[in-house]
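Taken straight from TrEMBL:
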COMPBIAS  514-524  compositional bias 'Gly residues'
REGION    503-563  region 'Disordered'
TRANSMEM  60-81  transmembrane segment
TRANSMEM  111-130  transmembrane segment
TRANSMEM  137-155  transmembrane segment
TRANSMEM  161-179  transmembrane segment
TRANSMEM  186-207  transmembrane segment
TRANSMEM  244-270  transmembrane segment
TRANSMEM  302-322  transmembrane segment
TRANSMEM  334-357  transmembrane segment
TRANSMEM  364-384  transmembrane segment
TRANSMEM  390-407  transmembrane segment
TRANSMEM  428-448  transmembrane segment
TRANSMEM  454-473  transmembrane segment
Amino acid sequence: MEAVPPLYRVAGTAGPQGDEDRLGVPDGPGAPLDELVGAYPNYNEEEEERRYYRRKRLGVLKNVLAASAGGMLTYGVYLGLLQMQLILHYDETYREVKYGNMGLPDIDSKMLMGINVTPIAALLYTPVLIRFFGTKWMMFLAVGIYALFVSTNYWERYYTLVPSAVALGMAIVPLWASMGNYITSFFHLSFACAQLPMIYFLNHYLYDLNHTLYNVQSCGTDSQGILMGFNKTVLRTLPRSGNLIVVESVLMAVAFLAMLLVLGLCGAAYRPTEEIDLRSVGWGNIFQLPFKHVRDFRLRHLVPFFIYSGFEVLFACTGLGLGYGVCSVGLERLAYLLVAYSLGASASSVLGLLGLWLPRQVPLVAGAGVHLLLTLGLFFWAPAPRVLQHIWILYVAAVLWGVGSALNKTGLSTLLGILYEDKERQDFIFTIYHWWQAVAIFVVYLGSSLPMKAKLAVLLLTLVAATASYLWMEQKLRRGVVPRQPRIPRPQHKVRGYRYLEEENSDESDVEGVHGGGSGGGLGDCVEEEAPPTGPRPGPEPAGLCRRPCPYEQALGGDGPEE
């Protein structure tokens, strides 16, 4: 009796075309599973790798531009508003007509104290905030606090200005430490943006230099304090309240634009899995690690440069801008001097990239050399008040000081990125850098009444000490002295998620990966530490590599790699 063929094909049997189907793939138990679950046949590994790194480069460029634009707009709004506010509050007529006996000078002094004193405590909370929120959200919150400070100027009272100034002072170091993860390019344009309210609004209400400088006797290196003898009335006419509200509304809109730039375009400096690891080392360790990093001799040698970085940026605004500029050529030309400084610094920020081709000492040493020559020249120069013949010297000095500032800032940020390539350390390093910078700004605030010669002497000594200390550090590194870095604790995860099923253990440090990890070594170290079970101890588990079998192994019915 002839066998009746089955209605459906039996799995594993040969079809009418023999042992191969229409696609030419053998059928049956011997069919290669790689053809079904393997890579796409037209997959080009080199092309995909090029596309991946192209996307990474574009992402880095987007982050740099977004962080630079956000920082530029934020500080442009903050500096412009603060400058306009201090000039208006300085005028006696404006204070008496607008606010009567409210005590604006006392409010302004407490506001400046809140901005300059509060960052001293930032070393205690900055790493915790950055690890908790992440770099992107920390930047967003800090920019929001700057916008809050702008909004309080709609209603200028003690209970609005002083608390917002204290909150702004608390956000300064976290903002800069977060931005340190993004190398900013054209941030110095913020000084030029800050002068737009002066140029297009406030300058139309100012007296000329013959009125404001009438009682000024000495300028430059012969001056003492800030603008001794400057006239108490600087406004010819008082600006209307409606015009002030319009200017403040424009500044508020720009502050919101900066927040949207950071939120929408600026990507996180760390991947989500990396941020999980960064937070999982323990909050107590996060609090202690900035102090432990001071053991590194590289950081100790760079501390004088951190301090000088705070000194020189304040000297550009108060020393060069006020003591030499306003004191001799009038308040109406202050905005143009700061614009010259800003453009010189922004154009020279590109020179900081020369560290990619030249020895890394070149940007820092070149910037220090430019500032050294300028400081020596300013030490012996006392411009005459109400004389405009030497105004070109002030513009040249402002541009060159901006060149030195740009080389200093970009050189330090690039150097720290080169010395500390490990991303899990960078927030601690940039926190230390900007904390010392905030300490230097606080010292300048305390010594604002010193003679100009004393300020220049301190600036010159700090610059020489910073350069010598930095070159000594480079000499140690050339001799092969190994820096002492604190060990970053291993992340302790409480849950097991999809990311821990990979063959590569992302929680393992480089040293652990090379030496087998831990004191016990062996394969058991790759298992996460978990609480011991409360029930009866299960039987012995089979030895083997600490990973789940891949889909190919599961399809073959195996349990992973053989022992």
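For all residues, glycine too, the Cβ spot is worked out from N, Cα and C.
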Checklist entry - What stretch, picked from 111-130, 137-155, 428-448, 454-473, has the most CB pairs under 8 A with the transmembrane segment (302-322)? => result 428-448
Next on the checklist: Check for me, if you would, whether the transmembrane segment (428-448) reaches the transmembrane segment (111-130) - at least 3 Cβ pairs under 8 Å, residues 6 or more apart in sequence.
Outcome noted: yes
Next on the checklist: Please report, as numbers and ranges, the same-chain residues at least 6 past the borders of the transmembrane segment (137-155) whose CB is under 8 Å from any CB of it.
Outcome noted: 67, 70, 74, 77-78, 81, 85, 129-130, 161, 164-165, 167-168, 170-172, 174-175, 178-179, 245, 248, 251-252, 255-256, 258-259, 262-263, 266
